[in-house]
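A short write-up of the structure that comes next.
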Amino acid sequence: MAHIDAGKTTTTERILYYSGYTRSLGDVDDGDTVTDFMAQERERGITIQSAAVTFDWKGYRVNLIDTPGHVDFTLEVERCLRVLDGAVAVFDASAGVEAQTLTVWRQADKHKIPRICFLNKMDKTGASFNYAVESIREKLKAKPLLLQLPIGEAKTFKGVVDVISKEKLLWNPSSGDGKDFERKPLSEMSDPKLLKETTEARNALIEQVADLDDEFADLVLGEFSENFDLLPAEKLQTAIHRVTLAQTAVPVLCGSALKNKGVQPLLDAITMYLPSPEERNYEFLQWYKGDLCALAFKVLHDKQRGPLVFMRIYSGMIKPQLAIHNINGNCTERISRLLLPFADQHVEIPSLTAGNIALTVGLKHTATGDTIVSSKSSALAAARRAEREGEKKHRQNSEAERLLLAGVEIPEPVFFCTIEPPSVSKQPDLDHALKCLQREDPSLKVRLDPDSGQTILCGMGELHIEIIHDRIKREYGLETYLGPLQVAYRETILNSVRATDTLDRTLGDKRHLVTVELEAKPIETSSVTPVIEYADSVSEDILKASQEAIENGIHSACLQGPLLGSPIQDVAITLHSLKIHPGTSSTMISACVSRCVQKALKKADKQVLEPLMNLEVTVTRDYLSPVLADLAQRRGNIQEIQTRQDNRVVIGFVPLAEIMGYSTVLRTLTSGSATFALELSNYQAMSPHDQSTLLSRSGLT
């Protein structure tokens, strides 16, 4: 995981080569890497979909997933971290911690994932080991454990020093693929300066680990307090393994994946310091007693095989022809074939055990975030065990919740545009393509505009929607037309208002009569769905019978606000009274409540909220002022300007509406030398002047 262009895919490519899974070294620039196999990835030189690969290294089976760096595909990173046990954070040694590095690091913190840092691109001009380590310490607030030191930097980089064993690893310059390298102990004769540095680094490392791990501290203070040199490497490695698992510190290694240096020691470190599946303690596993329990974390559509579902197996085992039960969908399905993922080449296998990542064929209804078990009875048995244990601990939560593995949080889309098929007869084909793409990528939302009947795509960013458009054309053979990109605004109200409404209709011989009185008021906390409250005057019996109808009515009224027709947020609706004539249908109750909520919202003082983006622009000193002047015109709010070696990093907030097509403008302003990263920060109220401009532009005032 890493920021865009830190070298994730190249590092993956080298790992596969040295572990014997590929016979040639792929290159992102040539478009022949294993894990970037989509046409769009090869053309653009970026990763869009995370790709899973399985390989062996020195007797260990490793499941590796290469993730994208663009924030538009942040869901891909999220759902992979959700099912993995450890992560390698890759850094560009000349830039240190960048915007997306922070994002993926926070995602890993959220899922409590132990990680190793790999400072890549040590051969690049401007690479600085100390600068990168310092930025990890300051910006990520992590404790770096230096397990290696570079020999030379930038053009002079030729190898690394292993701090633990005090050996230098030099790669043979004449060997093109970096397979040959030699380990030599550092000696006082040949490299006195390096030996002194390494000894100091090793002593510092021992002290650092001793501070964090009591067991190791006792050992150090006991036998080896006089001379740290006598401390065996194995003892130090075991202690670093414990500290990494406890996530109190992160091991740091360095190298250059493109120049084939430093990748083998990284693989050794992965098997040595990151957890094996047995070392990750998942509370829910004890209820399953070795029965199957897996989480579907990704779906791909294959032309020949239909939907392929990626699963992480937590316990039990999977075989082909196995019937499985999906707890979320409450349905039973059969796995027809079982494959071992290897990017886009898959190998068929007879069975797969816990801790692995499997690719299953034949599951039609399983989606991202579903929990898979062997049968309904196995799920119920586990629920009963959990309940018995729960009673002991007096923990009250519903059976099903305890059994479900936490799914994957799906971010809210910020961009939308209309999509139209080339002709009306192709609409069903487009619907099918969008349905498949939505199962694959839950951050893509598709909805119908009730007024115009158009299909609307909602996505995470310009690049996201562009890629979806491209995939519909390539994979489904449909030339579609995209309307102009629009920003997903939200609306809210500023004061509380009451409204009443009566609906009286006679259909056939039935009279439907409902009278509602309710109040809408703004709330402080940020909530996308309306908070629903009931006054004491509303009788329990009425609530029991029609609560669902009332809530449906309120929710549907809040989907379209009175100003722009955007969703309403940060609002609480209190129901004060409800009178229902006997025999009134629930649809009529919903309709009346919905109309009443809309009436209240129209009466209130209304406010448009717009998405505010965190923006980070990296620019050379010469171009700093035109970039700042341009951001000022875009209603930008600059928080700080940091120095990153020779560059300046501008950090601030900019409304999403002002940043459409920003990449082209930035390239022109800085002659193509600047880069930027965007991320949704929050929704913020627009100023009255901006709001009236927006409404008059939309033709709504």
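Placed from the backbone N, Cα and C atoms, the Cβ positions cover glycine too.
The GTP binding site annotation in TrEMBL covers 2-9, 66-70, 120-123. The domain 'Tr-type G' annotation in TrEMBL covers 1-278.
For the domain 'Tr-type G' (1-278), the mean pLDDT of the prediction comes to 86. Other C-beta atoms found within 10 angstroms of the C-beta of THR67 (GTP binding site) number 26, with every protein chain shown included.
Around the Cβ of ALA2 (GTP binding site), the same chain contributes LYS8, GLY69, ALA89, VAL90, PHE91, GLN100, THR101, VAL104, each under 8 angstroms and 6 or more positions distant in sequence.
Sequence-distant contacts of ASP5 (GTP binding site), defined by Cβ-Cβ distance under 8 angstroms and a gap of at least six in the same chain, are GLY69, ASP92.
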